[in-house]
Amino acid sequence: LPLLLEATLLQLASGSHHPFYNGFYYNHLMNDKGNGQEKVVYFNGARLVVETSKDPVYSSNGANVTLPCHYHYEPDLEAKRKIRIKWSKLRDDYTKEQDVLVAIGKTYMAFGDFRGRAHLRQAGRREASLVVSDVRLQDDGKYRCEVIDGLEDESDVVDLRLQGIVFPYQPPRGQYQLNFHEAERVCQEQGAILASFNQLFQAWSEGLDWCNAGWLADGTVQYPIRLPRKPCGGLHLAPGIRSYGPRHRHLHRFDAFCFSSALRGEVFYLDHPAGMTLEEAKQSCQDAGAEIARVGQLYSAWKFLGLDRCDAGWLADGSVRYPITKPRANCGPAEPGVRSFGFPSKGRFGVFCYKER
């Protein structure tokens, strides 16, 4: 037995076996040239650490934003290989991550909607921050910063939140008429997107109370209640977000919760002594070098620009609404909000127009 053990140790020491260190055994790795030669990577004893912002990063529609990401080694050492960096966006429904950008050294490639809008900021030592220009509504969410050094692969997540507003939406044909895909479409038509749960929760914390259930971006159906009441889950339930859970995206029908962010332009009101029909209202906006405003644009102007007008006006979807920031007599309820007259088939009103800056 001692002779067998001695022979084994001699064989290992002779180099005829692949090397190993501290229990880490790496074998059959292709080298960077891709010529099929075997490459052995040794564990260097240092731990790769990736760090992003622990607090959410806030931005708005049309702005530029930097998602911070840095990496280092414990204990400190210099990397001997080119570092690979990958950014991806986590989906609300936990399906496959969306590729945003990959980079090796100074070479990078952006993907999908991020082409032409995303690049790395590597101003400092061991920085891997992501810069996104012309931020869009769909950019809101969680992003993973992944750093790869040989076989070491570490990542961290940063949360990008757009400053915006959530509003409930029903189509002209009435309550609970939208399947998931129709809800996505109507929000887009109103200059918005389907809200995420985090966006709905934020809106609830700011005072949103709505008893009709609506689709969210992850395919669930929920609604926010500040004042418990019998038709809205019952008096015995505490305030909060009521949830129906995931629903069939084709068969089930509800309203929609849409999310809109800050505007790149302005919303203004036009009137006529005799009022206007919907078609006349659209033409009036065009004559003013603008377009008839969408519902999401009116909500954004009310929230971010303080738009206050006690005159009802047409919007692009055929609804008639008006925004109130300072409640007063003859202007609806005692709380600020966007008032709605529904979708009148007749009547003459003013119009809210939208113009890009």
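Easy rule for this one: first residue shown is 1, then count along the chain.
Using N, Cα and C of the backbone, Cβ positions are placed for all residues, glycine too.
From a predicted model like this one, the values you see are computed outputs, not experimental measurements.
So that you can see what the record holds, here are the features copied from TrEMBL:
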DISULFID  Cys211-Cys232  disulfide bond
DISULFID  Cys310-Cys331  disulfide bond
DOMAIN    46-158  domain 'Ig-like'
DOMAIN    165-260  domain 'Link'
DOMAIN    266-355  domain 'Link'
Stretch-averaged pLDDT - the domain 'Link' (266-355): 97
What is the three-state DSSP composition of the domain 'Ig-like' (46-158), stated as helix, strand and coil residue counts? 6 helix, 60 strand, 47 coil
Work out, from DSSP, the number of helix, strand and coil residues along the domain 'Link' (165-260). 22 helix, 30 strand, 44 coil
For Cys331 (disulfide bond), what is the tally of other C-beta atoms lying within 10 angstroms of its C-beta? 15
